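Visitor: Here it is, the structure in full.
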Amino acid sequence: MVSQRLGGLTKIDGFLVFLLIIFSGNPAIYNQSSYDVLVGIFGIYLILYFKIKKIKITPLSWRIAILFLGILIIQAVQFYYFPIRPILGFYTRMFIGFAVIHSVKNFPYIFVRIMFWIAIFAIGFHYARISGIDIPSMLTPLESIFGIKIPNRQIAFVHTFYFSGIDKYRNAGMFWEAGAFAGYMNLSLLFLGILRKQIPRRHHIGYLIIFTIAILSSKSTMGYIVYPFGLLFNLDLTLVKDRIKNTLSGKAIFILFVFIPILVFASLTSYKKFEFMGNKIIRQVEVAIYKQNPSWYLSRFGSLLLNIELIKEYPFFGVGPGNNADILMGLNKLDRSSGMGNGMAGFITNFGMVGFCCFLICVYWGFRKYGQNKYKSALAVAVIVLTLQGEGFLNHALYMGLFFLGDMNQEVLH
């Protein structure tokens, strides 16, 4: 039964999803001077793939593309600002996300499988290193191939190692930092929730365990905050609700009076106990609010405060991609680019509430189309919004592809 549901998957499907992932956060790729060229080549390859496979551009994708073109035209009229390169980059990332999600058969299954193996390798590298094995030295030849030199960090494509402070004990996987790794793992939990009834229960539990270990090893503040909601998405809430209405079965009692209280207690305890949870949040908020150092605006909360000022002034259509926001705020673009942006506020700053609401509606509709009820679809949207508080995921093709969840190829699910 399962093999029939999940059959028909090809190596090219897995290859495309893997490319989408590495183009959405692997620093060995996006730190290359030729990154824009590589993205362009990937985009052209997908256009040819569409042509060969006779895959059509969907009405939804046209509507979204036209909506954002309208936003960009309004910005051009308002600011006399139409940055060609950032706009081409934006549409290229959007097309790549759309093309992979739309053309691949059962994207959630392939994504979960690939992220599972990425997590396995990341966990192996991470715990081997902190147990005393010199993994970075073993991967030095691989690092030299990509030629990325960043202080206190080794980027070897298969893994990103840190060498200073608390970061050296955090697992970043193959991504640019531990928060990105945790964010993509939490996204994996959402797609795993979609697959819950299509894969054997033991496989579902196995995926949950590995993704949980991966998130815990990241020591990511936002990753820990989001994780309980991603886990909740994998529960059969409808079944629990029905059983509660009729009779408090053993399973419902366990979830209500054991699992959920333990989850809440663990979350509160970790917030108080771990340095990277409560103390870190309070410290970053204080630095941003009281401007306690010259680079206060490079923190997530500092970036959020700056973006809020622009959002209040230009709430509907934003100020556009590129460096227009920095120009309006009188900031140095190079300084800002080295900071830790808030993904949600950053996107709203660029494309306004109109653009961001379009994203939320598309994500909600996509999960609804994949058989999730309105409550779980809303929960999925909340999880994605929370991940955006930690990292600028909407700067990458994978999250841009979430606009097109409703266009996912569901052929093998029926």
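Keep in mind that glycine also has a Cβ here, set from the backbone N, Cα and C atoms.
Features from TrEMBL:
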- 12-29: transmembrane segment (TRANSMEM)
- 35-52: transmembrane segment (TRANSMEM)
- 64-81: transmembrane segment (TRANSMEM)
- 111-128: transmembrane segment (TRANSMEM)
- 174-195: transmembrane segment (TRANSMEM)
- 207-232: transmembrane segment (TRANSMEM)
- 252-271: transmembrane segment (TRANSMEM)
- 343-367: transmembrane segment (TRANSMEM)
- 379-405: transmembrane segment (TRANSMEM)
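Just tell me what is around each of these and how deep it sits.
Guide: Sequence-distant contacts of the transmembrane segment (35-52) (same chain, at least 6 residues past either end, Cβ-Cβ under 8 Å): 16, 19, 23, 29, 85, 89, 92-93, 95-96, 99-100, 103.
Sequence-distant neighbours of the transmembrane segment (174-195) (same chain, 6+ residues past either end, Cβ-Cβ under 8 Å): 21-22, 25-28, 30, 107-109, 111-112, 115-116, 118-119, 121-122, 157-160, 167, 204, 207-208, 211, 214-215, 218-224, 226-227, 230-231, 233-234, 367, 370-372, 376, 380, 383-384, 387, 390-391, 393, 398.
Tertiary neighbourhood of the transmembrane segment (379-405): same-chain residues 20-21, 23-25, 58, 60-61, 64, 93-94, 96-98, 100-102, 177, 179-180, 182-184, 186-187, 189-190, 193, 220-223, 225-226, 229-230, 232-233, 300, 340-344, 346-347, 358-360, 362-367, 369-370, 372, selected by CB-CB distance under 8 Å and a gap of 6+ residues from either end.
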